[in-house]
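According to TrEMBL:
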BINDING   LEU352, LYS353, ALA354, ARG355, LEU356, LYS357, THR358, ASN450, LYS451, CYS452, ASP453  GTP binding site
BINDING   THR358  Mg(2+) binding site
REGION    1-33  region 'Disordered'
REGION    198-261  region 'Disordered'
Amino acid sequence: MPSANSSPISRRRSLSDPLAAVLRPPQDETPEQREMRILAEQEAKKISDSIDEQIKLDKAELKKNRPDVKVLLLGQSESGKSTTLKQFQLLHTPAAFHAERIAWRSVIYLNLVRSIRRILEAISPDSEQHDALDAFDADSLNMSQTDSASIVISSSSSIHMDPQQQQIAYEKHAYYSARLAPLIELEERLMRMLSEDDEDEATHLGNGISPAWPSLPPPTNGTTRPTIHVDTHGHTVPSTPSPRSPASLARGAEMSVRPTSNWKKALGLGGNKLKSTSPGTGEVLGWWEDPTDPVHVLAKYPAAMVELWDDQWVQGRLRDRRIRLEESSGFYLDEIERITAKKYIPTDDDVLKARLKTVGVVEHTFTLIQGSRGTNWKIYDVGGARNQRQAWAPYFQDVNAIIFLAPISAFDQVLAEDPRVNRLEDSLLLWRSVVSNKLLSHVNIILFLNKCDLLQAKLDAGVQLNQHLLSYGDRPNDYESVSKYLRNKFGLLHQQNSPNTERELFIHFTAVTDTRRTMTIIQNVRDIVLKANLKNSKLIS
Ligand SMILES: Nc1nc2c(ncn2[C@@H]2O[C@H](COP(=O)(O)OP(=O)(O)OP(=O)(O)O)[C@@H](O)[C@H]2O)c(=O)[nH]1
Ligand SMILES: [Mg+2]
C-alpha cells in the first residue's frame with residue numbers, strides 16, 4: 001500500500017485535512033526534536049492501546065457478569081402463562097417470534113377444527129344423556145361443568161325435546177356431520193403432524209380428566225431442573241431426558257407438545273414441509289403448493305363451517321346447552337374465511353390466541369440493555385395442570401420474581417383435570433400456597449388478574465358471580481364491583497399468609513392476549529423487577 005506521502009491524491013487529502021495539518025511535524029524540526037517527538041508519540045500510543053484494551057476487558061467482564069434476572073410464570077392450566085411468555089418474546093425477540101408464526105398455523109387449524117367438532121358433539125341428539133349426567137354433577141357440587149374446549153356456563157339445563165324437535169336434531173346433525181366429516185379426520189392428522197417430528201418425545205394428549213402423560217419425574221434433589229432451554233431464536237434445547245409419551249392419539253383430547261419437540265422447526269419455514277424447491281429455479285415453494293398440506297382440506301370447507309356456525313338452530317342449541325365457544329381458548333370461528341385461505345399467515349394476534357397446553361418447563365432467555373447496563377433475563381413457563389405442579393418447586397430457589405396468573409373470568413368453570421374443583425377456588429388455593437411459601441418470602445410477586453375481557457363479557461351476558469362464589473352475596477354483578485372484590489380477596493390472602501410482612505404486592509388487571517395493554521404492563525413489571533434486583537445487589541440503598 002502506498003504511504004501517505006507517496007501518492008499525490010492522499011497527500012492532497014491529508015493536506016486539506018485540518019487535523020492532519022495540526023499534527024504535521026514542524027518543517028524546521030531538528031533530529032533531537034524529531035526523536036523526542038517520536039518517543040512521545042510511541043508513549044501516547046501505548047497509553048491509548050492500554051486504555052482500549054481495558055475498555056475491551058471491562059466490556060467482556062460486564063457481559064460475563066451481567067446480573068441474571070429469573071422470572072417464574074405460575075398459575076393453573078389455561079391461566080395465560082404461555083401467552084404472557086409469547087408477549088415477552090414479541091417485545092424482546094420479535095424477529096424470532098415472527099419467524100415462528102408459520103409453525104403456529106397447524107395449532108390454529110387444530111383449534112379451529114376442534115371447535116367444529118365441539119359443535120357437532122353439542123348438537124348431537126345423543127348428547128342429551130350427557131346433559132342429564134352433567135346436571136346431576138353440577139347440582140351436587142354447586143358448580144357448573146365445562147371442559148377445556150368450551151365454556152359451559154351451567155349444565156343444569158337438561159333439554160328435553162319433543163319428537164318433532166328430535167327429528168330436526170337428527171337431520172341437522174346428520175347433515176353437518178356428513179358435510180364436515182373430512183375436518184374431523186383432519187383433526188387427527190394435525191395431531192399426528194404436531195407430534196410426528198419427534199417420535200421419542202411425542203405429543204401428549206391428556207384426556208382432560210386422567211392425564212395420559214405421566215407426571216414429570218420429581219426432582220432427585222432440591223435443585224435438579226428438568227428444563228428446556230429456548231434461546232433467543234426460539235429454539236428449544238432439551239437438558240433433561242423426559243419420559244416417553246403414549247402413542248395413542250385420542251380424538252378430542254387436549255393437545256400439548258413437549259417443549260423438547262422440534263415442531264416449530266419442522267412446521268415452520270425452512271422445515272421439512274417446505275424444503276422442496278421449484279425445479280431449476282432454486283425457489284422455495286409455498287406450503288399452498290404442497291398438495292398434502294392441511295390447508296387444502298380446510299380450504300374446501302369454509303362455506304360449510306360458516307353455515308354451521310351461523311345456523312340459528314345450532315346457535316340456539318349451543319345457547320340451550322350454555323356452551324359459549326366464543327369465550328373459549330383457541331376460538332377462530334368468527335374468522336373462518338381468513339384462516340382457511342390458502343396463503344394464510346397467522347398474525348401476531350392469531351398466535352397469541354392459539355392454545356397449546358404446556359407440559360414440562362420452558363425457559364426463554366433474552367438480554368435487556370438499558371443505557372450502559374445489560375441484564376440477562378430468564379423466564380420460566382411451567383405447565384399449570386395439577387399433575388405438572390410438582391415440577392415447580394426446584395425453580396423457587398433463586399428466582400427474582402414470580403408472575404402469578406389468575407384467570408378471574410373462570411369463576412363458573414371447573415378444572416379440566418378434576419371436574420370437582422372450581423377454577424377460581426383452585427386459583428385462590430394455589431395463590432395462598434405460593435404467597436405463604438417461606439422459600440419465596442423475599443421474591444417479588446406480581447399478580448395478573450387475567451382474562452378481564454372475558455370476565456367483562458361474561459358479566460355482561462348476565463352470569464352471576466354469587467351463584468358460584470357464595471361470599472359475594474348481594475353485591476352488584478358488574479365488572480367494577482366484581483373485579484374490585486376479587487382483587488381484595490387475592491390481596492387479603494397475601495396479607496394474611498405472606499411470611500414477609502414488608503413484601504409489596506403488585507396487582508394488574510390483564511388481558512394478556514391484548515398486546516397494546518400487555519406491553520405497558522410488561523414494561524412496568526420489568527421496572528419493578530430491575531429495581532428490586534438492584535436493591536438486592538446493594539447497588540442502591
Ligand atoms: N380472551 C382471552 N384469552 C386469553 C387470555 N389469556 C390467555 N388467553 C387464552 O387462553 C388460552 C390458554 O392460555 P395459555 O397461555 O396457553 O395458558 P397456560 O397458563 O400456559 O396453560 P398451561 O400451559 O396448560 O399451563 C390461550 O388460547 C390463550 O390465547 C386473556 O386475557 N383473554
Ligand atoms: Mg402454557
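Note that Cβ sites are derived from N, Cα and C of the backbone, with glycine treated the same way.
In the three-state DSSP scheme, LEU352 (GTP binding site) is classed as helix.
Non-local contacts of ALA354 (GTP binding site) by the CB criterion (under 8 A, 6+ apart in sequence, same chain) comprise TRP104, VAL107, ILE108, ASN111, GLY330, PRO346. Not a single one of the binding-site residues among ALA354, LEU356, LYS451 has a C-beta coming within less than 6 Å of an atom of ligand 2.
In this view, LEU356 (GTP binding site) is surrounded by 21 other Cβ atoms within 10 Å of its Cβ, with every protein chain counted. Around ASP453 (GTP binding site), the same-chain residues at least 6 positions away in sequence with a Cβ under 8 Å from its Cβ are SER409, ALA511, THR513, ASP514.
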